[in-house]
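**Student:** Below is one structure. I have some questions about it.
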Amino acid sequence: MSGPALEVAAAKTAEQGQVPVLAAAVRGDTKVSGDSIHAATTAVSDGDNQSSTMSGKTAAGDATSPASGSGSGGWFHWHEPGTSKAEKKLIFKLDWFLLSYSCLCFFIKQLDGNNVTNAYASGMQEQLGFGPGNELSWMNTYFNIGQIIGAPFANMIITVVRPRYWLPACLMTWSAFVLGMYRCETAAQFYVLRFFIGLFEGAAWPGITYTLGCWYRKSEMARRSALFVMSGVLGQMFSGYLQAALYTGMDGKGGLAAWRWLFIFDFILAVPIAIYGLFCFPDTPHKTSAWYLNSWEREKAVERIDSEGRKPIGKLDLSVFKRIFTSWQVYAFTLGYALWSLTVGSYVMQYFTLYLKATKEYTIPQINNIPTALGAVNFVTMLTTGFVSDKIGRRGPVCLAVGCVLIFTYSIFTAWNVPHRLLMAVFILNGVYGCYTPLLAGWVNECCGGDQQKRAFILGLMTSVGGAVVIPFQQLQFPSSQAPQFKQTHGWPSALAFVIALTCWTGLGIPLLQRRMEKQAKRNEAEHEA
């Protein structure tokens, strides 16, 4: 509530004993709870309908919500300029509980997705007699098949089942399958377990991205999405550090090789995170029963998303699919994510690991540790692009700039016969690829915010289609038996072509299409009103 409004309320409630509470709010006293201020302003409404409106919409906050898009503050700001202290407190709670669990869950997801590569390079290949076949590629393939099947349906389920039950349940289920891999002796056993890991992991990225979009404003999303995805980068990096440490200190303990211990430790790390999510994940604003949110904060959370044009979830019927498949967003963003997947950017850390192993110049701990530098570049790029895209209020220019960097790195991969140190530097620089995921996810949340079911389905469909197209592409162009140069299959030149297509589509195509469709929507609205 603004200062003048609170002063009027204070004057009107002097006889009701509410002045101390409202006066404290005027001073910006953060110790006054939202419930107290809400109760005070509600008391005003007993004799004044105008005050009732004021109390319902501006209690403990500013009367005008921060506008979506960029503000006038500095480049690096966590809250939009003009955000009230009470709303900042709400956002802090969301960051502390919602965002923290999201990051931890995605950390485990990426840890579990990358562990098989670290295990493969740390003795699993030799102990189980893998190679010169494509066992590692097939492990990736079965994982992707599971994600293709699981992601869209998981994200539709999350619109009717409380996320705080669904997401931790999926986390525990896929972690149980990860644990099972420590007993595997054949490639077929790995394939089965990797399929089920992918099936339940498919709920993580689209489900959490959907839930974040239910709580945060459009102008807040890119920064949070970037932090969320960066946690996955840390998961990839930590997998290398953990495998290196286990190889040094646990190899042979309990009769188990170090690569088997990796799967056991990954499961142990997942258990407390799943329990944390069960008790602290806040569901969605219209359904939340989070113990750490007071009544005013729950109302404010609903008001925040309503002001962004987002509606409560409707019933799930055929009309939902009609809305989805007649929209431009489903095709534009699914194509964008498919092109990103076909760059095989998410596998470059794996190929870097195999490259280091092929040189025969590095120890097992070094082979696991050095590729994490790629993750560090990924981390910094996500943070930077998140802030920049929020500041300028556009995703296209950022995608175009990052795409130009990727065109350079993939050109070096295509040439290949370059000095060893240059090739290593290019592998590391290629870490910029990862920022596309939060940029595209934030873009979807921005464009589809008014229709939560469409938004949820598109996020899931992006994951599934991305996995579907990369399965045959990875098998044909990037078989592990041809790693790391992939000369016979022309892997790197093929990926370069998709990098160029990705850069043009996300940097130029989607922004032009978005502007055209928004103008058309305004014309249709004007004609309808006429």
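The backbone N, Cα and C atoms fix where each Cβ goes, and this holds for glycine too.
Below are the features I grabbed from Swiss-Prot:
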REGION    41-76  region 'Disordered'
COMPBIAS  42-56  compositional bias 'Polar residues'
COMPBIAS  59-69  compositional bias 'Low complexity'
TRANSMEM  165-182  transmembrane segment
TRANSMEM  195-215  transmembrane segment
TRANSMEM  226-246  transmembrane segment
TRANSMEM  261-281  transmembrane segment
TRANSMEM  324-344  transmembrane segment
TRANSMEM  369-389  transmembrane segment
TRANSMEM  396-416  transmembrane segment
TRANSMEM  422-442  transmembrane segment
TRANSMEM  456-476  transmembrane segment
TRANSMEM  493-513  transmembrane segment
**Student:** Out of 369-389, 396-416, 456-476, what stretch is closest in contact terms to the transmembrane segment (324-344), meaning most Cβ pairs under 8 angstroms?
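**Tutor:** Looking only at 369-389, 396-416, 456-476, the most contacts with the transmembrane segment (324-344) come from 456-476.
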**Student:** Should anything in the same chain at least six residues away from the transmembrane segment (422-442) have a Cβ under 8 Å from its Cβ atoms, list it; otherwise answer none.
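**Tutor:** Residues packing against the transmembrane segment (422-442) from afar: 205, 209, 218, 221-222, 225-226, 228-229, 233, 333, 336-337, 340, 343, 345-346, 348, 351-352, 355, 370-371, 373-379, 381-382, 385-386, 389, 395, 398-399, 402, 405-406, 409-410, 412-413, 416, 459, 462, 502, 506.
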**Student:** Residues sitting near the transmembrane segment (369-389): Cβ under 8 Å, six or more positions beyond its termini, same chain?
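**Tutor:** Hits for the transmembrane segment (369-389): 75-76, 222-223, 225-227, 229-230, 233-234, 236-237, 240-241, 244, 348-349, 352-353, 356, 362, 395, 398, 402, 424, 427-435, 438-439, 442.
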**Student:** Which stretch from 165-182, 195-215, 226-246, 261-281 shares the most C-beta pairs under 8 Å with the transmembrane segment (456-476)?
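**Tutor:** Result: 195-215.
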**Student:** Cβ under 8 Å, sequence separation of at least 6 from the ends of the transmembrane segment (165-182): give me the contacting residues as numbers and ranges.
**Tutor:** 105, 108-109, 112, 115-116, 154, 157-158, 189-190, 193-194, 196-197, 199-201, 203-204, 207-208, 211, 256, 260-264, 266-267, 270-271, 273-275, 277-278, 281
**Student:** Please give the sequence-distant neighbours of the transmembrane segment (493-513): residues at least 6 beyond its ends with Cβ less than 8 Å from one of its Cβ atoms.
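**Tutor:** Sequence-distant neighbours of the transmembrane segment (493-513): 328, 332-333, 335-336, 339-340, 342-344, 394-397, 399-401, 403-404, 406-407, 410-411, 413-414, 436, 439-440, 443, 473, 477-478.
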